[in-house]
Amino acid sequence: MPWSSRATLLRDLVVCVLGTAAFLLDLGADLWAAVQYALDGRYLWAALVLALLGLASVALQLFSWLWLRADPAGLHGSQPPRRCLALLHLLQLGYLYRCVQELRQGLLVWQQEEPSEFDLAYADFLSLDISMLRLFETFLETAPQLTLVLAIMLQSGRAEYYQWFGICTSFLGISWALLDYHRALRTCLPSKPLLGLGSSVIYFLWNLLLLWPRVLAVALFSALFPSYVALHFLGLWLVLLLWVWLQGTDFMPDPSSEWLYRVTVATILYFSWFNVAEGHTLGRATIHFTFLLIDSILLVVTWMTHSSWLPSGIPLQLWLPVGYGCFFLGLALRLVYYRWLHPSCCWKPNPDQVDGARSLLSPEGHQLPQNRRMTQLAQNFFPKAKDEAASTVKGE
């Protein structure tokens with residue numbers, strides 16, 4: 001195997017290990033904060049941290065289990081019996097099992113002198129599922145936990161060392177999930193060179209810079225009106241859920257489980273942009289951006305008119321200008337990305353690949369597993385090329 005290919009496989013192994021470590025570090029930080037709140041007599045705060053952690057974990061296990069059930073029996077080769085897998089997911093260990101499975105497959109491929117195309121494709125298949133699960137976990141648990149810890153710091157007027165540790169691990173988890181998700185999208189491109197390192201960096205930066213002001217705005221409102229933030233989230237979430245449903249998503253194996261995906265996407269849209277359907281991406285993104293911008297402005301204005309209610313220990317004079325700066329820089333980078341760095345692709349079916357989510361592998365192994373889930377998201381994210389380019393490809 002060429003050294004370049006071996007280096008790529010080694011990089012993927014390192015990404016897998018670091019991603020799992022970031023997940024465990026963030027989990028440890030949340031549990032540490034919950035214990036500290038309980039020891040200080042702040043039982044409501046501890047309960048909120050554990051509730052967010054538990055709800056996100058249950059959703060993650062459901063996604064993992066539904067995908068495993070939908071995958072063909074011969075795809076994953078030797079794996080524990082279905083009852084053991086069900087028990088692992090019931091014990092909230094399904095995601096970690098997938099991480100171990102990916103690491104084992106990656107080591108198997110890296111150690112081979114000439115790995116088969118099936119082993120390489122299967123390693124990609126596992127990696128893409130984990131990238132998707134990691135992104136879901138980020139917006140179902142990490143972003144809400146970051147919002148909660150900021151609201152607690154604003155409300156109490158002080159910041160403890162374990163809270164700063166939680167903020168650092170949250171930003172680490174969010175950053176890693178965004179980078180890994182873009183890498184996964186790149187894996188699904190029909191032409192890999194279309195998406196370089198600079199494009200991934202700009203994508204990561206504009207997402208992170210636009211996410212921070214949104215989290216700060218919600219945290220400011222939560223600190224002032226902790227009883228009303230749930231109503232605010234529920235109201236916007238229902239609107240976003242209706243919007244996702246109207247776009248006719250088809251991501252999960254069956255219509256009933258599709259609602260789990262829609263519920264998750266509506267939560268993501270509460271914090272950031274996520275494309276779920278082909279066509280008219282610019283129009284939908286503009287509507288969503290304007291919707292969140294107006295809502296965030298209203299939240300900040302509400303805080304500014306009632307900020308005297310909060311303790312003065314937190315330097316909000318610094319936080320707000322940083323939030324403004326992050327917003328405008330993120331907006332500029334987003335415009336740069338979509339204007340010059342966002343590629344158009346000529347999507348066409350590959351006769352040597354089979355949908356790993358809904359089709360069976362041939363006994364001879366000529367067909368390679370393809371992750372339909374992530375491929376569909378990549379097709380939504382990267383627009384199709386113009387008709388002229390598509391016609392050229394067809395003619396060739």
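Using the three backbone atoms N, Cα and C, a Cβ is placed for every residue, glycine included.
What TrEMBL records for 43-68, 161-181, 201-221, 228-247, 259-277, 289-306, 318-337 is transmembrane segment.
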Paired segments the transmembrane segment (259-277) and the transmembrane segment (318-337) in contact, 3+ CB pairs under 8 A: no
Same-chain residues near the transmembrane segment (161-181), Cβ under 8 Å, at least 6 residues beyond its ends: 15, 18-19, 22-23, 25-26, 28-30, 32-33, 36, 131-132, 134-135, 137-138, 142-143, 145-146, 149-150, 152-153, 200, 203-204, 207-208, 211
Range from 43-68, 201-221, 289-306 with the greatest count of C-beta pairs under 8 A to the transmembrane segment (318-337): 201-221
